[in-house]
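Noted in TrEMBL for the protein shown:
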REGION    17-47  region 'Disordered'
COMPBIAS  29-38  compositional bias 'Polar residues'
DOMAIN    239-381  domain 'GST C-terminal'
REGION    384-408  region 'Disordered'
COMPBIAS  384-395  compositional bias 'Basic and acidic residues'
COMPBIAS  396-408  compositional bias 'Polar residues'
Amino acid sequence: MPNSLLLISHLPIIPPTTHTTPRHVSPRMSLNNNHNNQTPKPPNPSSLLTSLTKLLWGPSLPPGLLISTVRTAWHSTWQLMMSQLAPSDPSGSYSRPTSKFRHVATTQFSRQNLHLYVGLPCPWAHRTLIVRNLKGLEETIPVSIASPGQDGSWEFKSSSIPGLDKDTLIPGKDNANGCKNLKEVYGLRRGGYNGRSTVPMLWDVQNKEVVCNESYDIIELFNSGLNGLASNPGLDLSPLELKGRIEEWNRVIYPNVNNGVYRCGFAQSQGAYDTAVSELFCTLDMLDDHFGRSRYLCGGTLTLADICLFTTLIRFDLVYNVLFKCTKKKLLEYSNLHAYMRDLYQIPKVAATCNFTAIMDGYYKTLFPLNPGSIQPVMPSGCEHEALSRPHNRESLSSTESKYVQVQ
């Protein structure tokens, strides 16, 4: 049997039904008076399609012309959807749009009336939740959690789970403006807004204005700009003496890892994918070597650079390895990197920001061009809370940062 025929799922042939209507009951009456007094169910479209295809070409593969036509149509549709979801440059490489609202020192806003909008699947929004927790800003900066809608936009839904801990982060309603989706929130600002409505977004409740929607600007503000509101103002994730090193790490980690996984998943040409995946794993190899000698990126001090790396690593085996074709190695195969990720996960208040079910739903059920069937794989055992809570044994590592190697 040709290998191609093994791909066909043969349905059993159902023999014709035998007529069992009693002689004294008319066929019309037997149809109109079923035993449960229920309206007959309409035929299943999927069953009709299966019957039609069997009628047209039986157990054989569909004709070549049909296959090539469907392939061409699907490829054209995929390119159209990807152009909207993930804009690319002429080489087919993903080009991330820049954030519209940046925070600068001269930005005017009401520090007493800030509200944070996030989505749990988003690694960029995840950064802000972690720094918010570590700095102790949970009470002074409320949060509204949106979830991805069928069209990929961020929307709000009322959700109530009995017995759920109040600190557990789940998608819910808009607690600041009562809007149905994030686009409506952006539209409330003076002059309105018609651009991409992204998370994270920091909102000035009093002035109804977007303060910032660039994740790194927000975590810098949370780290040092709101200490008067924080319950842990002494924590500094960007010490003056390490700013230069943090920036150096960010210049490597952002394009090759944070955005690198998206460059793999959203590549629209083989060449673009090959380049992105090579740079991604070259950087992961270098990081694994680095973490064999250094507890954090900048030696013994946890910094914003670590937070930015963590939110990509925690999603790697869960999503990126499969859906984004980052398949060369699983993170679990990097002994030092995986231990480093567990080290950060076990920092108090960090695990509470990780909703793995929401992360998987947000990628596998929403990114239709990458997963048309919306079939969600089972969660890898190495990504479960119990596995991530295993001892990391990194406390004894030298606090001296290993020599930094520039990744080309």
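Cβ atoms here come from the backbone N, Cα and C positions, even for glycine.
Here the compositional bias 'Basic and acidic residues' (384-395) has Cβ contacts under 8 Å with residues 295, 339-343, 345-346, 351, 356 of the same chain, all six or more residues outside its ends. Secondary structure of the compositional bias 'Basic and acidic residues' (384-395) per DSSP, as helix, strand and coil residue counts: 4 helix, 0 strand, 8 coil. Residues of the domain 'GST C-terminal' (239-381) grouped by DSSP class, helix first, strand second and coil last, total 93 helix, 4 strand, 46 coil.
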